Number of protein chains: 2
Amino acid sequence: MQIVSTIKDVKAVVKKWKEEGHTIGFVPTMGFLHEGHGSLITAAREANEKVVVSIFVNPMQFGPNEDFDSYPHDLERDSKICENLGVDLIFHPTPEEMYPQDFFTYVDMSVLTEELCGLNREGHFRGVCTVVNKLFNITQPDRAYFGEKDAQQLAIIKQMVKDLCMNVEVIDCPTVREEDGLAKSSRNTYLSPEDRGAALIVSDTISLGESLVKEGETNAEKLIAAMETHLKTEPKAKIEYVKVVDGETLQPISTIRPGVLVAIAVHIGKTRLIDNFSVRKL
Amino acid sequence: MQIVSTIKDVKAVVKKWKEEGHTIGFVPTMGFLHEGHGSLITAAREANEKVVVSIFVNPMQFGPNEDFDSYPHDLERDSKICENLGVDLIFHPTPEEMYPQDFFTYVDMSVLTEELCGLNREGHFRGVCTVVNKLFNITQPDRAYFGEKDAQQLAIIKQMVKDLCMNVEVIDCPTVREEDGLAKSSRNTYLSPEDRGAALIVSDTISLGESLVKEGETNAEKLIAAMETHLKTEPKAKIEYVKVVDGETLQPISTIRPGVLVAIAVHIGKTRLIDNFSVRKL
């Protein structure tokens, strides 16, 4: 496994691979890898001859009051995980390598970015679109892997690839959870032991929502009310949103049907947690 | 020569060419081809095994009061020109093919888009960046060819390719002029015979500017004043701007040096004309 930090070095490796006719799977990450990332890497490993993982905490997708400076990192640990999972190349650039002083371009999107997390994280998805677009151009993958936990990000990346006719297939992978149900996230490390207990309300509420839909609830307003009521049973939980939206356009809908995304964002102490489920069938 | 109108068809041809190991040169146009486009196609023909020309009047780069509806077109004539110049593939999509109803993504840029034509054509360069980005992804060229006449567009495309690490080399080609000096442009067809005479002031002023720099003028303010004075000798000319800027960042500069771009925009009757020269050496 190689670890490189410059765009030029990645492009040289990728060029060689392309000339040799290899397929490339790509997993973009912000590092501090957990089993969620592991599942993406494993999926990439199974379907492609070469696997690239990027580890880059992207400053452009963090707001001024967000956790860019405190975001956890451990390159040595991440490298071991990648090596064990059969990764061929880690791309670990500096912010200056990705955004030199004379960097002026951005990729953004209307509609999908204006709902859910977009309401409280202004500019977040512009940062995501820009960095992912750039990483796709650098690594030129046949397939790129994203987790369903970040459902809005996944929908936005798919939309960008479709709109700009990018030559990559976006593969979504199921959310990986702790034994008690909490969705895996690098941000879970922020949780104090007490907050970690309280955080369970998030995945519990997702389970509740899934059950209600399975039992026949098709009224989005009623589902939201039930999920909000359940979230409020945890005094430490501060609701940011509970939303029922179209899974592709992310626009609010009133009647639940297959293809609908039910997404929540909740603050537990200083930690912001998101979770969701998709309605596959009624 | 093939003429196709769907993205899918272009991608199929390009995929085959790539598999056969061919290099691809790409010339994006809005059609109504003239010798300026011809010089781009010829340059592409000389350096690449396959040449793709796109003909697409891009609605996204026209403002509400601009000439989208009246922009000239003649696909039959354009096809003959392309065939004679050895083009392999014309891509001629509909607006709906390029921008379906659920199209939400855009590519844009700060700094370079905020000067010169960007001041009076809001959203123009967002349209240019978005369509060129998409066309690059569709045609996947090794090299793409742009005219120096649209100097700001050229600088912006180069910046986009650099910032997003796109896998294409941008080649700039010299402005092609009529015998009397007027820069070739599809928009010259808008000029009445009388306006066509008056339009000569534009290229004349560029010649004057070049002479003054050659004679030793290094003060941008003085150069601008001399060029504006000259433009005002033509009663039909309405100056939009005369600017001296850095050729890469397009930011105004006060002392002329190699790498500087001198650009003008002038209205003759209802026709907006632009022209420019670059300072190569002092």
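Glycine is no exception: its Cβ is also placed from the backbone N, Cα and C atoms.
Listed in TrEMBL:
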BINDING   A:30-37, A:147-150, A:Val176, A:184-187  ATP binding site
ACT_SITE  A:His37  active site, proton donor
BINDING   A:Gln61, A:Gln153  (R)-pantoate binding site
BINDING   A:Gln61  beta-alanine binding site
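Under DSSP, A:Met30 (ATP binding site) is assigned to coil, being neither helix nor strand in the three-state scheme. Taking A:His37 (active site, proton donor) as the reference point, the binding-site residues whose C-alpha atoms are within 10 Å of its C-alpha, out of A:Gln61, A:Glu148, A:Gln153, A:Val176, are A:Val176. Sequence-distant contacts of A:Gly36 (ATP binding site), defined by Cβ-Cβ distance under 8 angstroms and a gap of at least six in the same chain, are A:Gly147, A:Lys149, A:Thr175, A:Val176, A:Ala183, A:Lys184, A:Ser185. When the alpha carbons of A:Gln153 ((R)-pantoate binding site) and A:Ser186 (ATP binding site) are compared, the span between them is 16 angstrom. A gap of 11 Å separates the Cα atoms of A:Met30 (ATP binding site) and A:Gln61 ((R)-pantoate binding site).
A:Gln61 ((R)-pantoate binding site) and A:Leu33 (ATP binding site) are 18 Å apart (CA-CA, integer value).
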